[in-house]
Structure formats: structure tokens, C-alpha cells
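Q: Submitted below is the structure of interest, expressed as C-alpha cells.
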Amino acid sequence: MHDHMMPSSPSTPTRIRRRRTQDVIFPELSKLNGGHLLMDDQNKYRTMWIRTYSSLWMLISIIIVLYLGHLYICAMVVVIQIIMTSELFNLLRRTDEDKCLPGFRQLNWYFLFTGMLFVYGRILSQQLVNTATIDEFSYKLVSKVIKYQMVFCYFLYIAGLVWFILTLKKKTYKYQFGQYAWTHMVLFVVFTQSSFTVANIFEGIFWFLLPASLIAMNDVAAYFFGFFFGKTPLIKLSPKKTWEGFIGGSIATMITAFLFANVLGRFQWLTCPRKDLSTGWLQCDPGPLFKPEYYSIAGLTRWLPLKEISILPVQWHALCLGLFASIIAPFGGFFASGFKRAFKIKDFGYYIPGHGGLTDRMDCQMVMAIFVYIYYQSFVPQDYSIDMILDQIVRNLSFEDQKTLHHMLGQIFRQRQMKNY
């Protein structure tokens with residue numbers, strides 16, 4: 001220290017500057033890679049029981065909502081999105097600046113409302129039309145609303161932009177523009193990705209329940225494998241994550257994906273797509289993905305009474321989902337861990353004891369939701385039935401165009417009949 005001190009006269013006292021230490025210390029943030037593994041935590045059993053009780057309550061609640069049907073599941077997703085958005089909005093909130101900016105805090109929620117109106121309007125457009133086909137007036141009204149929905153949402157956004165500009169104040173420019181950018185990042189990263197969950201639900205609850213279960217299974221399996229066997233640190237962003245937990249969770253997730261898909265694929269309530277916004281019980285003919293195929297195992301096993309096993313084609317797709325859920329989706333959690341370290345917080349919220357906030361639990365679900373949507377649209381064979389084609393005709397063609405189509409189809413049929421003769 002004396003090497004850095006300037007010489008002074010005897011009558012002048014020497015001033016030594018000391019750096020102020022932080023009053024709040026975040027133990028988990030200061031640990032090095034592997035410095036605090038889960039199996040070395042003295043309070044791990046207490047934490048495990050708290051997490052277990054919370055998980056059981058969440059599981060019971062989800063089962064009840066699943067029984068109620070598609071619309072209630074979508075409502076649950078929307079509520080979760082709103083809570084997650086609230087948790088993230090509060091990260092950069094400054095009370096002093098907000099007091100000087102009346103109405104500015106409501107602007108974040110205005111943009112969220114506009115985003116919900118746009119995204120869900122696009123996703124649920126077909127279901128809205130199918131629901132309104134009973135009444136001709138309602139059908140025409142809904143068709144017009146859907147046709148101009150993008151224009152309406154655009155001008156809502158422009159109104160929000162004008163609102164934002166009118167609220168700008170000289171001494172808070174940086175804070176206000178930071179909030180504006182933060183709001184759009186939250187809407188893009190959190191809301192838009194998780195909104196694909198609703199699209200997956202209407203393709204069949206199966207495409208919501210299986211991926212969500214795989215994420216939960218991977219989380220639980222990785223936790224317990226790391227709890228009992230974890231010794232090798234995995235990544236610096238999450239000191240409690242271990243290679244043993246990551247590998248064990250991946251294997252358990254792949255096995256669960258293959259077996260659980262066979263169970264879920266046998267219930268029509270889970271596999272039937274919802275084409276409208278009704279809440280009635282669904283019945284449909286199972287598509288090719290959910291019709292069992294039988295494979296002989298007589299030559300492979302002599303000591304088992306089974307001569308053949310039944311496998312649903314969707315189980316092969318489930319393996320791809322399980323692979324993504326176990327290898328790629330955890331990086332959504334690592335991203336959230338790095339995010340929390342950047343803001344020096346332990347959890348995003350406090351709604352779930354032992355888990356933190358809803359954002360802490362849904363970080364991997366967001367990554368999984370958009371992958372399932374892209375995978376379903378790209379690799380899952382679509383069953384275009386006559387009913388679906390008629391729905392498209394009724395929804396997109398005017399009455400005159402439908403008459404023209406009917407006339408053209410009649411000509412095609414007559415030409416084919418003449419060729420046969």
C-alpha cells in the first residue's frame with residue numbers, strides 16, 4: 001500500500017482512500033465452477049422436500065386443468081405469460097423514475113396487450129371462424145375482423161409509439177428508452193416463443209402435454225442424479241449442475257419420451273385437434289400417427305410370453321422431442337442463469353416455494369414450445385381431410401367464388417366421365 005502513497009509533509013495528514021464494499025453478498029454468485037455442488041449442500045434435504053411439495057401442488061393443478069380441456073389450458077398459458085412478463089418488467093423498474101413519469105408504467109402492459117391481440121389473433125383465426133359459422137352475421141363479422149386484424153394491431157402499436165414519445169422527459173431519456181427496449185425484448189423472447197404453446201394445444205393436447213412432461217422429467221431426473229451422484233461440474237453459469245445429472249437426466253428423458261408417447265397416444269381427448277373454441281368432449285378417428293403398428297419379437301426373446309409388441313408411429317417422433325428436451329432445451333435454463341447473474345438476483349420471483357418465480361420454471365418450456373411447433377409443421381404428416389378442405393373453402397372464398405368452384409368441379413367431373421366412356 002505504501003508504494004502507491006504520495007509523500008506528504010509532517011503537518012499534513014495522509015488520506016487513504018478505501019473502496020466501499022457491498023453490503024449485500026450473493027453467495028451463489030461468487031462461487032467458482034464446481035465450488036458448491038448439490039451433493040455437498042448441507043440443506044439439500046430441506047430444499048428437496050420444499051421443491052417436492054411445490055411440484056406436487058403444481059402437478060395436481062395441471063391435471064385438473066388438462067381434464068377441463070383446450071380452452072382452460074390456453075387460459076392457464078396466458079396467465080403464466082402475464083405473470084412471467086410481470087416478473088421481467090419488474091427487473092429494471094425504478095420507483096423514483098416511475099413516480100416522475102405518470103402513466104409510463106402502463107405503457108409496458110399496453111404493448112403486451114397489443115402483442116397478445118396480434119399473435120393470438122393469427123394463431124386462433126381458424127378456430128374463431130369455425131365457431132362463428134353457426135350464425136351468418138357472426139361469420140361475416142368475424143371474417144372481416146380477421147381480415148383487417150393485422151392493420152388494426154399495427155395502428156394500436158403506432159398509438160403506443162406516439163404515447164411513448166409524448167411521455168419523454170429531459171432527465172429520464174436513458175431510462176425511458178431502456179424500458180422501451182426492455183419491453184420489446186421481453187415480448188419477443190418470452191411472450192412470442194411461449195405463444196406457440198397455444199398453437200400446439202389446438203393441434204391436440206398431446207403436442208402440449210408430452211413436450212411439457214419431457215422438460216419436467218428432464219429437470220427432475222437431472223436434479224436427482226446430480227443430488228446423489230453429482231461430482232463433475234457442468235457449466236460455470238449454474239454451479240450446481242453436474243455432468244452426472246445432465247447425462248442421467250438425458251437418458252431418463254429419452255426412455256420416458258418413447259414410453260409415455262405410447263400411453264398418451266391412446267386417448268382421443270389428447271390426440272384430437274380442436275377446430276373451434278367450444279369446450280365439449282372431443283371424438284375423432286385416430287390419425288396414422290396414433291394407429292398401432294405391430295412388430296414380431298418371437299425370434300428375439302424366448303423367455304417372454306409376448307410374441308409381438310405394438311408401437312405407435314408417433315413414438316418415433318417422441319424420441320426426437322426427447323432428444324431436444326434433454327440436450328438443447330436445458331440451455332434455456334443456462335441462459336436464464338446467466339441472465340440472473342447479470343442482474344445479481346437468485347430467482348426471478350417468489351410464487352413457487354423452492355423453485356422461485358414462474359420464469360425460473362418456464363425458461364426451458366419456451367425453447368421447447370417453439371421447437372415443437374416447427375417440428376410439427378415440418379416433419380409430422382398432416383392429415384388433410386375433406387372436412388378441413390371444406391373449412392378452408394368456406395373461410396376463404398366468397399359465395400360467388402364458391403359457386404364458381406362448384407361449376408368448375410362439375411366440368412372436371414363431366415370430362416372424366418366422358419373419358420371413362
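The backbone N, Cα and C atoms fix where each Cβ goes, glycine too.
Okay, these came from TrEMBL:
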| type | residues | note |
| --- | --- | --- |
| TRANSMEM | 56-86 | transmembrane segment |
| TRANSMEM | 107-125 | transmembrane segment |
| TRANSMEM | 145-168 | transmembrane segment |
| TRANSMEM | 180-199 | transmembrane segment |
| TRANSMEM | 205-230 | transmembrane segment |
| TRANSMEM | 242-261 | transmembrane segment |
| TRANSMEM | 314-336 | transmembrane segment |
Q: Could you check if the transmembrane segment (107-125) is in contact with the transmembrane segment (180-199), meaning 3+ Cβ pairs under 8 Å among residue pairs at least 6 apart in sequence?
A: yes
Q: Under a criterion of three or more Cβ pairs within a distance under 8 Å and sequence separation of at least 6, are the transmembrane segment (180-199) and the transmembrane segment (314-336) in contact?
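A: No, the transmembrane segment (180-199) does not contact the transmembrane segment (314-336).
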Q: What residues elsewhere in the chain lie close to the transmembrane segment (242-261), defined as a C-beta under 8 angstroms and at least 6 residues from its ends?
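A: Residues 37-38, 210, 213-214, 217-227, 229-234, 312, 314-315, 317-319, 321-323, 325-327, 330 contact the transmembrane segment (242-261) from elsewhere in the chain.
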